[in-house]
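Lifted from Swiss-Prot, the feature list:
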type: COMPBIAS; residues: 610-637; note: compositional bias 'Acidic residues'
type: COMPBIAS; residues: 638-656; note: compositional bias 'Pro residues'
type: COMPBIAS; residues: 703-713; note: compositional bias 'Acidic residues'
type: CROSSLNK; residues: 18; note: SUMO2 cross-link
type: CROSSLNK; residues: 74; note: SUMO cross-link
type: CROSSLNK; residues: 219; note: SUMO2 cross-link
type: CROSSLNK; residues: 698; note: SUMO2 cross-link
type: CROSSLNK; residues: 698; note: SUMO cross-link
type: MOD_RES; residues: 1; note: N-acetylmethionine
type: MOD_RES; residues: 402; note: phosphoserine
type: MOD_RES; residues: 609; note: phosphoserine
type: MOD_RES; residues: 610; note: phosphoserine
type: MOD_RES; residues: 612; note: phosphoserine
type: REGION; residues: 180-211; note: region 'Disordered'
type: REGION; residues: 573-686; note: region 'Disordered'
type: REGION; residues: 699-726; note: region 'Disordered'
type: ZN_FING; residues: 266-288; note: zinc finger
type: ZN_FING; residues: 294-316; note: zinc finger
type: ZN_FING; residues: 322-345; note: zinc finger
type: ZN_FING; residues: 351-373; note: zinc finger
type: ZN_FING; residues: 379-401; note: zinc finger
type: ZN_FING; residues: 407-430; note: zinc finger
type: ZN_FING; residues: 437-460; note: zinc finger
type: ZN_FING; residues: 467-489; note: zinc finger
type: ZN_FING; residues: 495-517; note: zinc finger
type: ZN_FING; residues: 523-546; note: zinc finger
type: ZN_FING; residues: 555-577; note: zinc finger
C-alpha cells in the first residue's frame, strides 16, 4: 500500500511540476491571484487527488538518525520515478536531490557527521488514503525504535502562508490544534502582492521538529520538517524537560530604584541612632551588646572595633599619628585632635542648645546641659538617693561610699577624693612651694600660667551677645559676672507651692512635693501592689523585699557596736550613745522626754474641745516631769558601821507612770523594791474559802526589841492609810 501510494504521487507530480511553477510565478508578477483549484486529470475509480505546492526553499539534512521508512520513500522517489526525458527538461535547481550517508552503527560525536544541505521546493500531494497509512507507519516505526511513549514531541511554529495550521502531535498519535492567539503575530499579508518580497527569516534556537498542517475539503495531512543542530548530543528535548528547566531558573533580582534628591539612611531598632551607611550601623549595633572580640595582646583589654584596639595600641607604643597643623601637639585619635583644635585654635562650638544660647565643643556636654532644662537625672546612686545629670559626678560621688582617694598631694602625699579639693589644699597649705598667678580682674589665684590663660579666656572675655541669667532677666557680657550673679540665687527658694507654704530651690523637689497633695504615686512595684512617689523609694523597696541577693548596708556605732541600715540614724544614735552598756547619757534622756512630751501635745490638740476637764487626763509637760522629785529609798539601820561603798554613777530616774484617777499620785510613782515576800493562806470562817495573801518579810535586828517598841509598832499598824491591810495587821488577825 505504501509503495503504490508513493508511485501514484510521483507520476502525477512529474507531469505538471514545471508548468505549475511557471504559471505561479507569472501570476504573482501580474498581481493576480492563484486559482483555488487546479484542473488535473482525475481517475474516478481511484478517487480525485489535489496537489498543493509549497513554494519555499527548505534546507534538508539527511542523517542516519532519520526514520528508515522516510529514507526508503525518498530512495524510491530518487531511483524509479523520474523519467530521463523529464530530467532533461527540468532545471537543476528544481530537482530534489537526495543523498544517503552510510554510517557505522557505533556512538560517535555529532561533530563527525557529514551534513548535506540541498535547497529544494517541497510539493506535497494529498490523498485520502495517505494520512492513515503514514500515521500507521509512523506508529510502527516508533515502537521499533523503542522511544518512550510518554515523551511528547516538540512542535515549533514557523512563519506560514495562508491556509496552513500548526498542530502538536504526541507520542501516541494524538493531535492538538494550536489556536491563532497562541501563535506569534504574523507579518502583514501585503507581501503577497509584491513577488520580489521575501519575508525575513526568524532565528530560532534548538528547533527540533515542526509540523505543518493544512486542510482542504475535509482532508488534512501533517508534514514534518526536521532540523538538527551540531551542538546537540542527547537528541530532542521533551516538552516536560523544557518546563523543568524553565521552572528551575532563578527569578531576576529586583533592581533598586534610587530616587533623585532622597538620601538613604539607616536607623537603629534599639535607639534613635541614624546613619547614612550600613557599615556605620553595624558598628553602632555592637554598642548594644557586650561582645568585645578584639583583644589587646599586651594588657588583655578587649574592644568592640578594630579602630578602638588600634588607638589603644598606640598608647602602649607611644605613637601619636594625628598631628595638629597649627602647633606641635600630636594625639592618638582623630577625635582628640578635633577637640584640641576647637578648644585652642578655632574656638568653634558647633553643638548649640535649642532652648537657650548655650553652645559647646562636645556633644556630651550639650546633652548634659539639656538635662538642666528637663530636670532629668538618669545617673542614680545605688546606695543612697543621690542622682546626677552625668556620669562624672556620679563617679565622684561614689568615692564617698567606697572611701577611694585617687588624688595625692605631691608635697605631703595627702590623698583626696576630688582634684579641686587637692588644689585648694596645695594653695592653702603649701603656698610657699607653689607659684601663684593672680587674675587681674578677680581674686582668683591659679598655680599654672596656662590655667590662668584659660581662666581669662572663659571668665573675663567680652561676649558680644550678652547672656541672660537663668533665674531672672539680668543680662551680662562677661561670664564671670554672670556666674557671680547666679550665685546670689543659689540659696533662694524660687519654687513655691501654690497649695501650701512649701518652697524649695530645685524644681524636681517641687514636683515630688506636689505629689503629696495630688496623691500621685507613679512608681509601682512589679512584684507587689506597692506604689511610691519617688523612684528612690521604689528601688529601696525592691532591694529590701524582692531581691534575694541584697545585703543591707550596716552602719555600726563605734561606741556600743549597734548596727543601723542608715547612716543618719546611726549618727543620731552615736550622739546620744554613752558606751558599750547601752546606757544613754543625759542628752539621750532629754531627747526621749522631749519626744514623749511632743507626742502628748500633738495628741491633746487633736482632742475635741468639748470634753470636760474632769474626764480629761492631766497632761504632763516637760517642766512638770523635770520638777517632780525622784523617790528616794530610806536606808535601813545597820548594827555595825561599814566603810562607805565606792561612788557609782547615779542612774536617771525612770519616767513617771501614767496617773490614774482614784489613787494618790505618790504611791504609784514609787519604784518597787526587791524585798523578800511570803505567801500566807487565810481561811474564812464563814465561807471556808482559802485565800493566798502575799506578805513582805522584813529583816529584824539580832537584838529583840523592847516591849515599848512592840506597842508602838502595833499602834502604827492600826493607822494604815486608805484603810488598806498591812502585813502586820494580817499577822495580828491570825494571832487573834
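Every residue, even glycine, has its Cβ placed from backbone N, Cα and C.
Here the zinc finger (467-489) has long-range neighbours at 356-357, 441-442, 458-461, meaning same-chain residues at least 6 beyond its ends whose C-beta is under 8 angstroms from one of its own. When DSSP labels each residue, the zinc finger (351-373) comes out as 11 helix, 4 strand, 8 coil, counted as helix, strand and coil in that order. For the zinc finger (294-316), the number of residues in each DSSP class (helix H, G, I; strand E, B; coil) is 11 helix, 4 strand, 8 coil. Sequence-distant contacts of the zinc finger (379-401), counting only residues of its own chain at least 6 positions beyond either end whose CB sits under 8 Å from a CB of the stretch, comprise 364, 368, 371-372, 417-418, 534-536, 539, 553. Sorting the zinc finger (266-288) by DSSP state (H, G, I as helix; E, B as strand; all else coil) yields 11 helix, 4 strand, 8 coil.
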